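Pasting a structure below so you can have a look.
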């Protein structure tokens, strides 16, 4: 049912057609137009009368006709009659208990009339544009009410009793609501909720219980945060424009059924304004990218024991007859296509290596987490049993006794190195690893936030995604002992047939030896000696077809000490400290020159090129004619504008005389290569310090020359004047 002059109510016409009898609807429609026109009918005269006085007779005529029509049709229309209360005088003469629709909009009611609360068949109630401040609890009697319009009133709160109605549409816009009741979650059938133009500061969490809600309008309120519970709703339209929302939660990307999203006039920071202006698709794409970045960052900090077990990958490898060594998925792996006598068992050996490697890594990670040094021996007690149980008879056990002793000694050496690694990893005891951002707040393991951030950055550096990935076991070793790809894995040219030999950590070699011993029943002692790194290098030449054994875990004994993971970690930490000092020096240089305080994140301050352009303009004015600067509406420049600023800065540096050797590239600035940026800035500042004296000297020379020419001209004029005077 459309109301005269009211706001658009999309739900009313549908209910009007469904609830009113078709024979009564045209008559009601005609009556509606009479009121809208305001002429010709007694109802129109009544609409212009007051509640008392000389207009009682026209008012009573209009009310009588409206009430009589309501009793016959079930639709009560008392709109725009300036009523301050329900007309009680005429009501007893008519039976309105079966009223289905009631329109009391555009009146002067200060509360919902109690008479309406007795219309138990009422389905649609329109109280638009009144002065209502109170809603009686008796409204809970309207258990057939599905549409309620309370817009443009003076309500300061919605009563909890209102949430006990079977409402499908609730419109309470243009009121003074400060909040929504927590009982709003009881409106299970609510499909449309409009609380726009109010004073709501926060939405209750119970709003996520409105499973039938399809349209939510919270426009022009004081919302700062959008509750994540909105994701649980199947919203089709969501309007939160003209609020104070700063961030759209990342989880909103899961609102798959959302078709209309209105968010203008919000000080949004995430997503940025240039993304929001492009529409819902770009906003959701931005949120998805942010979610992927968060998931990727979180996966880097997972503990070794929390990561997926290796046997899951091993099972996948068995299905396609690939041990993980010979796979070529684009990374630098060893090729396993060369023919050899081992081909019949080439699949079993790497599988056993991987399974044994997983067990050793788990036990070693448990040891590194344990504060008690004595637990190290308990963790590795099962290993000698592997050597003993692998032989099926006493003779085979005797054959491998000497070799087992050698392996045990190597294993003890490995254990000692692991203990040294544990000692080195205690950053608070190593003065070389302490940087300005890594400090201990107390001796009771209360670590400073800066230390945690530095450690996370260290993990990012050490777990380089561009590194070599040889197989599943080697990735687990890199997780156990984080090393950079360039230092942890070395590809050396082997003197034997030009083959490539892969350098791995000492863990790989020990595990290879243990695995070969545990599977000794499948090999002869000679085969084991050929695959053992303890044998002389000449034994490698006895491999079939002159090729090296395909085990990726083998390497010469001479390189055991050449790759030290502790040294690699130390070097990474030193590089981090040097880079931090470099950034601070660069910050001081720019701040001293510009006399401003830069943002805490220097990389973000330099990447857009604005600061650099101001720096070169400070050294020589108007070197960069136009600079793209962020605005409050667009707080971040696009990549094209950032690159244009950077290119203008570099071009100005060339004009000032910065050598090409000292000039960084645009990619260095956009990718925050502080070493090259520092070199360019230092050269620029040095030229700036040398430039003023020649400039001032040049200006003085020009001034002196101008004065001399002026004096000479005056002298010539004087001589000419006197010469003419004498000759005359």
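Keep in mind that glycine also has a Cβ here, set from the backbone N, Cα and C atoms.
Per Swiss-Prot, the feature compositional bias 'Basic residues' maps to 24-36. Under the heading compositional bias 'Gly residues', Swiss-Prot lists 37-54. Residues annotated as compositional bias 'Basic and acidic residues' in Swiss-Prot: 311-322. For 516-525, 533-543, the entry in Swiss-Prot reads compositional bias 'Polar residues'. The domain 'Calponin-homology (CH)' feature in Swiss-Prot is assigned to 576-692; the stated evidence is sequence analysis. The phosphoserine annotation in Swiss-Prot covers 370, 409, 532, 536. Residues annotated as phosphothreonine in Swiss-Prot, with a large-scale study or a structure entry given as evidence: 568. What Swiss-Prot records for 24-57, 311-348, 377-398, 516-547 is region 'Disordered'. The repeat 'LRR 1' annotation in Swiss-Prot covers 98-119. Here Swiss-Prot flags 121-143 as repeat 'LRR 2'. Residues or ranges marked as repeat 'LRR 3' in Swiss-Prot: 144-166. Per Swiss-Prot, the feature repeat 'LRR 4' maps to 167-187. Residues or ranges marked as repeat 'LRR 5' in Swiss-Prot: 189-210. Annotation source Swiss-Prot lists repeat 'LRR 6' at 212-234. The annotation repeat 'LRR 7' is assigned in Swiss-Prot to 235-255. If you look up Swiss-Prot, you'll see 257-278 marked as repeat 'LRR 8'. Residues or ranges marked as repeat 'LRR 9' in Swiss-Prot: 283-304.
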Going by DSSP assignments with H, G and I as helix and E and B as strand, what are the residue counts for the repeat 'LRR 8' (257-278)?
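When I sort the residues of the repeat 'LRR 8' (257-278) into the three classes, I find 4 helix, 4 strand, 14 coil.
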Run through the Cβ atoms and count how many others sit within 10 Å of the one on residue 568 (phosphothreonine).
18
Using a Cβ cut-off of under 8 Å, list the residues of the same chain at least 6 residues beyond the repeat 'LRR 4' (167-187) that approach it.
7, 9, 11, 128, 145-160, 193-204, 206-210, 212, 217
Per DSSP, what is the helix/strand/coil residue tally across the repeat 'LRR 6' (212-234)?
5 helix, 3 strand, 15 coil
